[in-house]
């Protein structure tokens, strides 16, 4: 009894799985899949990825469809097995089997063949209703059920009848794993096996042969199912809830079967109580059978119900176990709370009584109707609270005896083992039997079969070939036309052969004509006739046209609509004057007025035939304009004649006449095309000639010679010359002429290859293409590589091939041995050098990044088993997304293809990047190949519109640095003007021009004229940069050798720097006719033809000559008897060092520039050029600007001049608004005066002196300088700025005579008898001279000249530490001599200026050089009157205090040779101002600078302090220094603001002698040698 109750429990294990499978099956029941069966069908269902499902035949095989199928796909036949359960229709089929079931491995769509077909019609027997259920087991990839319409032999249109009886069956399927199947799958499979075996017999064996589950009596092995608890209408198992369908089962073979009607089955027996005491739970279940034909149908009601059991207490003390206690607690609830639950469990609840009483229920019915049984009664514990415990058991049992004897039912013994399979191979049968023990005492006999039979299939029968056999033809399809002639077709499938059997013979499709009826033909209008002429020429008019009706026929309708119609013509208004292109004379042709939108045509020029076309269009503003004319229909007379001759030879060849003169025609065309084409029509004419020549070569009456082949290829190369680029672009507008070119070359390879008598190779290398033809047998073929090793190329571009093609030998195999032995293949490979630039494939974002390669094999192979390998070298840098493309005219562009590719296609090729500069293409077809690349974001423009960023950076940095150098030189030109500066500026201009031309040349490769000009000028400027370096070396050599530099020499410099490069370029252009200048890829000298030596040769010669000059200059510098002038020696050394640094860097720069320009793909050369070019600019600026002392001083002088001009030191205004007139000469003297006291202004002096030395001097000046240098030291001096010499005439007390008079104009300064102020200067030199100054006071003359600084604001302290060295005067070409003299008379005031004396000589002459820069503006000067005119003699203002009267000394009374010191100044720098300074008194100018008094006092105090340190006491005539009146002079405020200079010691302040009364001193001896400090030599500039 316990075993019977537990049996239905495991059924509920399937609930979660069934829910999931049914939901997935409903959502995705039908899905199309590959290899599922024959192609598209009206209704085909493919189930895959499902492990359980159900369908009905009515849903899968609709009545209105003739060919339907249902296919179940096995995920993996090695791991899973398919099982199917079919519930058949209750009535037999009315006809032959219409639904077939079979399994197969795969299906070939091309031949409509099933492979590995095995039929299950014998297993299922759908038309036999004697066995309501049928099962099968399938182990192949697909399990299919297909319904086929019976063939219709007498009807043209198949009729879909009502659904047959076989459409009423239903199917359940299950996919079970062969290893470790799931428990739920085994539960269902075991029940299917139980049902299958139960219904099996000899005529209907069971289709389930074996299972991976261990089934015991129809149940899967394993532990029993867990408890189930009902709750409402939900089926629960282990607390997992689900809908009613979760509890659905398909066990239709259980007892009380309701398989035909559907609904609930009978309740099972109560199961075992869950507890032995204390109250337990018993359950029972029932099964729902869905109604036939209703998929997924369920039953209403509860699947499981339960009741309490074993309510008696457990244990003697009234305590129960935990389970019983739980039941007690549950039973202790109120009766009204348990009412519904007890009713649900199905047993009556006890009567409600006293809450404290325990009432027993009545004794139950005896558990057995015969034999010994049990009776039970129960009671409830009614308590007021849950804490109260009831005493005594809750359940009681007692025995009940019945006198009746229980019947013994018949029982089956165990099944015998399965018998062996009836067949050793193929499908057979096996069975087993069992014995029934007879019943007793009226028991029931044994139920169920005594014998079970099932199919067995051990293995396929070997050794017996099974030929493929066709399935039945499908029904004819509907006629393609409802009337008149139509077509019908039907198909069939082949069951594939096995064991080496033959394939199905015949066609899988048949077609036949069908004719249902004559179609009525309606009347049909014929095409409209052309429109008549318009009634008006413009404006509103009308046109008429008519048509004819054809028909009707066979009852058709008549033509509808009018027979004629009218339309307006000239609806467009008459064109306005601005919408008509005016008459134009363009290209020596008169174009008449033409309205916009029309094309005008005129005859071609006299040397051509045809028409020139020119279209008139409207611009965006609606103004008519002429488009450029097109010469696509113009053919030159020469090309036209050759075209006519070629057509005549072709006509002869077609008639079988031998060809004579064909070679001459080709040779003539080579000569004509060598000079280029005049019109785009010449290109088309040449292509037509070559096409006709190919047809002539194809004829057997003419055999082409090697010369013909070479001329043919040469003509193709001439067509692709760079000069014909514009002609190609114009020809492309008329049609795809590139396609014609590819076809022409392919036909030529075919003809020439097969007309070769021997198996040999042919190579033709020209300037623009390389053609290779191989003829080889298929039997001995090897891999072909292009280009082959050891080939001879004439052009530089083809000597080192960068592109390679590999054709595998598998291409030449036909698959048949006999055919391979007799087959001969011709392989043609063409490498086009520049065809890619002619094709209209470049866009704003894409570029053709390689050469074009065409590969042809004749006869063409069916397919390429080994891909064709092509390696391309990239032509441009900065590109991405390299894509292999091929020429395919049959390919229809799709949405996924790149736009605007035209006949180019990316299909059929696979791109394999090799490195940054190479790409490999693997293609599965033969065609024309190239690489299409995408420009980067910064290069998103047309090809070669901008140079690379590297070139821009290199040229830009170099040009900017050199331009800055030029600007600096121009700004300080007056100070550094010299031959070396002129050479440097020309050198910089040549480099800047070269950089600009390099960048321009990168953008003009397509413009032939501009590119040629850029190449020529680049050649010129490259050479000029080398020549200017040579010019600098030459100038340095002439300087160290002492040659005179005059205008003739300077002209020679210009001729060398600019003339020699111009001569070389002119000769090169004249000899080559500019053909070598510029190529297709760069604007520079062509690497072919030797033109590059026109640059390399002169550049190398310049380098060698420069080295020789450098060696000579170096020897001159290091020799003992070399250069004695230190300044000249320093300049020569600097020039030599500049050449040694700049020249190698210049050579490296231009060498890398040539490599970068000619090989634009190499980023290394561009980077090297950018580095060298930038470094060259920095080095030139460093050598000639930053490290050049002259430039530094000139820049400082320029800055100081600007500051002084801003401060108003030019004397332009005063406090009271009085203007001060300062002449240029006064400014020169003022600049020199300020140089003495101001260290910072020393740069002005240095730059001025350097400029004076470097300035070209007249021969007389050179002689004077040499004579001056040979004289005594006392006669040597220089004037400020550009004053070249100072001549000092001795006084009576000075033992020196007057110097010889020089031819230059001298400015003579005479002293007055009155005592004058002394010379004051700054620097350590005065400290060393203090002792001499003191000792010479008594015997010196009473005269001196005071040189005052312009401003005190610019005075700065002397540097703390300054290197000192003593240099003898006669060793320095620029030495200065200071002549100081004081008067012995102490009574005369030292501040009294000298009386004005007329100059002893004529006016000074201005020098040829530029004057020095204007002095920087000083602080506001004191108010003073304007200087008197030169012809008047008023006394200048006194230098003393405002209260002191000015001294006015009278004229000189003694002889000038005894009483005066005459200082003669040779003013060569003022020669150009002779007329302006004729009446100027130099002494008056020197003493009118009252604003220098402050500085004068400070310097005088310094001299006094130095004299005191040498213990030289001043004379008693010294006067104490008077106090200055505050705020009476403007410089006093500055003095207070800035304080006392740092170099003035404070102990100098109490000195008694006034600095303004310093006595004059004179040199004790004439030949005194003055030790000069280094910086003082530079600062000391003016001597009096």
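Heads up, the Cβ atoms here are built off N, Cα and C, so glycines get one too.
In Swiss-Prot, the annotation transmembrane segment applies to 1137-1157, one of the ranges 1137-1157, 1200-1220, 1221-1241, 1242-1262. Per Swiss-Prot, the residue annotated phosphothreonine among 609, 1041, 1352 is 609.
Of the given residue ranges 926-946, 1094-1114, 1115-1135, Swiss-Prot assigns the label transmembrane segment to 1094-1114. Swiss-Prot assigns residue 1006 and residue 1501 to opposite sides of the membrane. Per-residue confidence over the topological domain 'Extracellular' (1002-1008) averages out at a pLDDT of 80.
When Cβ distances are compared across the two stretches, the transmembrane segment (949-969) makes contact with the transmembrane segment (1167-1187), since 3 or more pairs at least 6 residues apart fall below 8 angstroms. Beyond its flanks by at least six residues, the topological domain 'Extracellular' (1158-1166) meets 873-877, 917, 948, 950-951, 954, 1002, 1081-1082, 1084, 1087, 1152 of its own chain at Cβ-Cβ distances under 8 Å. Annotation for the disulfide-bonded residues 483, 909, 923: lowest Cβ count within 10 Å of the residue's own Cβ, 483.
Nonlocal intrachain contacts for the transmembrane segment (1094-1114), taken as residues 6+ away from its ends with a CB within less than 8 angstroms of a stretch CB, comprise 1019, 1022-1023, 1026-1027, 1029-1030, 1033-1034, 1036-1037, 1040, 1060-1061, 1064-1065, 1067-1068, 1085, 1132, 1135-1136, 1139-1140, 1143, 1147, 1150, 1154. Long-range contacts of the transmembrane segment (1167-1187) within the same chain: residues 950-951, 953-955, 957-962, 964-965, 968-969, 984, 987-988, 991, 995, 1134, 1137-1138, 1141-1142, 1145-1146, 1148-1149, 1152-1153, 1155-1156, each at least 6 residues beyond the stretch ends and with a Cβ under 8 Å from a Cβ of the stretch. Ranked by Cα separation from residue 909 (disulfide bond), the recorded positions 534, 549, 609 are led by 609.
With DSSP states grouped into helix (H, G, I), strand (E, B) and coil, the domain 'TSP type-1 3' (409-462) comes out at 0 helix, 19 strand, 35 coil.
Under 8 Å from some Cβ of the transmembrane segment (1053-1073) lie the Cβ atoms of residues 979, 982-983, 986-987, 990, 1016, 1019-1024, 1027-1028, 1030-1031, 1034-1035, 1089, 1091, 1094, 1098, all in the same chain and six or more residues away from its ends.
DSSP assigns residue 692 (N-linked glycosylation site) to a helix in the three-state reduction. When Cβ neighbours within 10 Å are tallied across all protein chains shown, the highest count among the disulfide-bonded residues 370, 446 belongs to 446. According to DSSP, residue 314 (disulfide bond) sits in a coil region rather than a helix or strand. Summarised by DSSP class, the composition of the topological domain 'Extracellular' (1074-1093) is 1 helix, 2 strand, 17 coil.
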